[in-house]
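A.B. asks: So that we are looking at the same thing, I have put the structure below in structure tokens.
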Amino acid sequence: MSIDGLQQHELHDSWLIRGATLPNGTRTDIRLAGGRIAELGTGLSQSGARVIDADGLIALPGLVDLHAHLREPGYEHSETVLSGSRAAARGGFTSVFAMANTLPAQDTAGVVEQVLALGESAGYVDVQPIGAVTVGLAGKQLAELGAMASSRARVRVFSDDGFCVSDPLLMRRALEYVKAFDGVIAQHSQEPRLTEKAQMNEGALSGELGLVGWPAVAEESIIARDVLLAEHVGSRLHVCHVSTAGSVDVIRWAKARGINVTAEVTPHHLLLTEDLVRGYDARFKVNPPLRAREDVEALRAGLADGTIDIVATDHAPHPVESKDCEWDAAANGMVGLESALSVVHAAVVATGLLDWADIERVLSRAPAQIGHLIGQGNPIAVGSPAELTLYDPAATRVFGRADLAGTSSNSPYLSMTLPGDVRATFHRGYATVLDGAVRSSLEIAGHARGIVTHG
Amino acid sequence: MRHLLSTKDLSRDEAINLLDIAEDMADVAQREVKKLPTLRGKTVVNLFFEDSTRTRISFEAAAKRLSADVINFSAKGSSVSKGESLKDTAQTLAAIGADGVVIRHPASGAPAVLAASGWIDAGIINAGDGTHEHPTQALLDAFTIRRRIHGQASRSRGLDGVAVTIVGDVLHSRVARSNLWLLTTLGAEVTFVAPPTLLPSDTTLWPARFSFDLDDAIDAGPDVVMMLRIQTERMSAAFFPSSREYSRVWGLDDARFGRLAPASIVMHPGPMNRGLEISSAAADSANSTVLEQVTNGVSVRMAALYLLLSGDRKESKNVD
């Protein structure tokens, strides 16, 4: 990729991407101007735009992550909205839904507006706050869902993620209530009593390693209950981080029955299995836990046949000391924004289950639709907002610390060989990543303020 | 041997070698002066994050008989209870100059994490980690069985064809897991008997037989019956209804003990709940090896410390 034809007055406004391959396989030039996709076609004239040679690169609509933990306010030693936004841009994302388990929790209009504002001033991606379902994620009392919905943050996705809304009556009420503003409840499906002190997938390996099991039924029973509740009250349900073969079956059944349910799977559940727990390396500790090979196969098949609608990262940064310890004491979670596209590439594209048009759907269009996010998830077409990712599918890299752009380094992929690499990301018409490198925070904040900073 | 973390990783030759060295150590215990100079100048730290007086004093006696300097580090009342991490504790011990660390920890895998961490260069002996393994307990059990069966001719022998029935809370037992792997490696046939709630939910990878019926298992005529300690707090978590019912269905009471073959061996890792999982008649019988197990524990732990800490450890074989 080379950049030439610099014209200072249009430096950040106008781009000509030469010879990119669209998800459907057609090859085209793409002109970005005025924050939109201005022109498609071959042999477009340079006319003052900066030119990017995208020969061999796939152009995807900017990726949308429905499930990330940006940790601010409250856990800024793990991640901030700014650092998480940089991680997102590095991974090809142009929008991130920020989960509600901050401190204070995102359970009031004030906090979600604060997170929205932090995202706006960072400027790398659209940061869309998720609202808590219950006050303090405590599962006792509904948070002010309507106030969050009508706030400047326009919250439409509500989740107590990290905790399950396990009280069936509270879950019913939440599902019903958000119908008033076409919201959706994103459930962390984990029956709490069946998973007390749980440390890893329950199975033959947990028995051998002496780690308390997290049984599949604890996820599947909640999903089964929730789809029936959603059917009963005619509401929309989204299932976070589906991790078991049985869950895929339950969701497939619910969809066949016409229940309004959507589901997500994480990149790590598509690629990694519980066998990695054998060395008690806490980088592989995550909730829901890594499962068995059969579960991974079922999740891939579920994503391929549309039972699972989207891939979402569950990006969960933690400081070193939360992982550099014995297994029981370690925190759950992995960072995932920077590696997501490569991991999905390895798990379902390289294996022939999904093509790049499917990737556009599961990592951009469908998550934007589920979250009712305006300005994201649109096809690469003239007039669409200039939200774009250029991905080199032929690259191969040993994933390392330098590939991470957030504050934390708790990635399970460090020193693993992964395919592909995000070469450039465009958000609102300006580049947040160029030549595989995240642009400076100062430059991007300048764009976000609408000020073009030269040099 | 670099570390002793689990019995699953021990080969038959390694296990028999360790048991044979333990025989030599047992011979030393018969002398008037029970001490060897082998580990003079070496420092062994007993790092106990869980109370276990029996295991700690057994390791302490073993290290002292090999002339090592012993430091006992108990997590209670120490900086650990104030939130110091395993990493900082390990680095502190490394700075003090520990050559060997005997670790007991409530978290499964903590010794493995310590051994792989690079925080400390010492040889690590797992003295019980969570519900994972307790390798020296299994080694002393195997040693005890071998001595009962083969007497003075024990050296270089395995336990081929010996039928061992292990009864009780298998799910939460590190003793059960370590015995499963070691006894199987040595050629014994292992049967577990427990209420279904106290077996792992999936035992397909365990090379053993499973039964819910202790009477059947007794009548099958095992060579060894090993009773595991049952913790009454399991009742509150609904693993079984009451200690009375447990004792009636899964306890080695006088009647069941009476049906065992005269030469059969009754074992218990201690401490026992007399009248719950084992009757006093069984525990105090000539078939019982409860005190032999304690005695042999010192010999086996001497052998483990010897293998880990004598000579130039950097050239020793890595079997962790």
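Keep in mind that glycine also has a Cβ here, set from the backbone N, Cα and C atoms.
TrEMBL labels come from automatic prediction, so no person has curated them.
Annotation source TrEMBL lists domain 'Aspartate/ornithine carbamoyltransferase carbamoyl-P binding' at B:2-146. The annotation carbamoyl phosphate binding site is assigned in TrEMBL to B:Arg54, B:Thr55, B:Arg104, B:His134, B:Gln137, B:Gly270, B:Pro271. Annotation comment: TrEMBL describes B:Lys82, B:Arg174, B:Arg229 as L-aspartate binding site. Taken from TrEMBL, the feature domain 'Aspartate/ornithine carbamoyltransferase Asp/Orn-binding' covers B:160-308.
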A.B. asks: Cβ under 8 Å from chain A: which of the binding-site residues B:Arg104, B:Gln137, B:Arg174, B:Gly270, B:Pro271 qualify?
C.D. replies: B:Arg174
A.B. asks: Out of B:Gly270, B:Pro271, which of the binding-site residues is least crowded by other Cβ atoms within 10 Å?
C.D. replies: B:Pro271
A.B. asks: How many whole Å apart are the CA atoms of B:Thr55 (carbamoyl phosphate binding site) and B:Arg174 (L-aspartate binding site)?
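C.D. replies: Answer for this pair: 14 Å between alpha carbons.
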A.B. asks: Among all chains shown, work out which of the binding-site residues B:Arg54, B:Arg104, B:His134, B:Arg174, B:Arg229 has the most CB atoms within 10 A of its CB.
C.D. replies: B:His134
A.B. asks: When DSSP states are grouped into helix, strand and coil, how many residues of the domain 'Aspartate/ornithine carbamoyltransferase Asp/Orn-binding' (B:160-308) land in each?
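C.D. replies: The domain 'Aspartate/ornithine carbamoyltransferase Asp/Orn-binding' (B:160-308) comes out at 64 helix, 24 strand, 61 coil.
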A.B. asks: So the record assigns B:Arg54, B:Thr55, B:Arg104, B:His134, B:Gln137, B:Gly270, B:Pro271 to carbamoyl phosphate. If I measure every Cα pair among those residues, what is the longest distance in angstrom, as a whole number?
C.D. replies: 16
A.B. asks: Out of the binding-site residues B:Arg54, B:Arg104, B:Gln137, B:Pro271, give me the one sitting nearest to B:Arg229 (L-aspartate binding site) by CA distance.
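C.D. replies: Nearest in space to B:Arg229 (L-aspartate binding site), counting only the binding-site residues, is B:Pro271.
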A.B. asks: Going by DSSP, how much of the domain 'Aspartate/ornithine carbamoyltransferase carbamoyl-P binding' (B:2-146) is helix, how much is strand and how much is coil, in residues?
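C.D. replies: Split by secondary structure, the domain 'Aspartate/ornithine carbamoyltransferase carbamoyl-P binding' (B:2-146) comes out as 66 helix, 27 strand, 52 coil.
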A.B. asks: Have a look at the binding-site residues (B:Thr55, B:Gln137) and report the one with the fewest Cβ neighbours inside 10 Å.
C.D. replies: B:Thr55
A.B. asks: Between B:Arg54 (carbamoyl phosphate binding site) and B:Arg174 (L-aspartate binding site), what is the CA-CA distance rounded to a whole number of Å?
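C.D. replies: With distance taken Cα to Cα, B:Arg174 (L-aspartate binding site) is 16 Å from B:Arg54 (carbamoyl phosphate binding site).
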A.B. asks: Take the C-alpha atoms of B:Gly270 (carbamoyl phosphate binding site) and B:Arg174 (L-aspartate binding site) and report the distance between them in angstrom, rounded.
C.D. replies: 13
A.B. asks: Between B:Pro271 (carbamoyl phosphate binding site) and B:Arg174 (L-aspartate binding site), what is the CA-CA distance rounded to a whole number of Å?
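C.D. replies: Each residue's Cα considered, B:Pro271 (carbamoyl phosphate binding site) and B:Arg174 (L-aspartate binding site) end up 14 Å apart.
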A.B. asks: Using Cα coordinates, what distance in whole Å links B:Arg104 (carbamoyl phosphate binding site) and B:Arg174 (L-aspartate binding site)?
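C.D. replies: Cα of B:Arg104 (carbamoyl phosphate binding site) to Cα of B:Arg174 (L-aspartate binding site) measures 12 Å after rounding.
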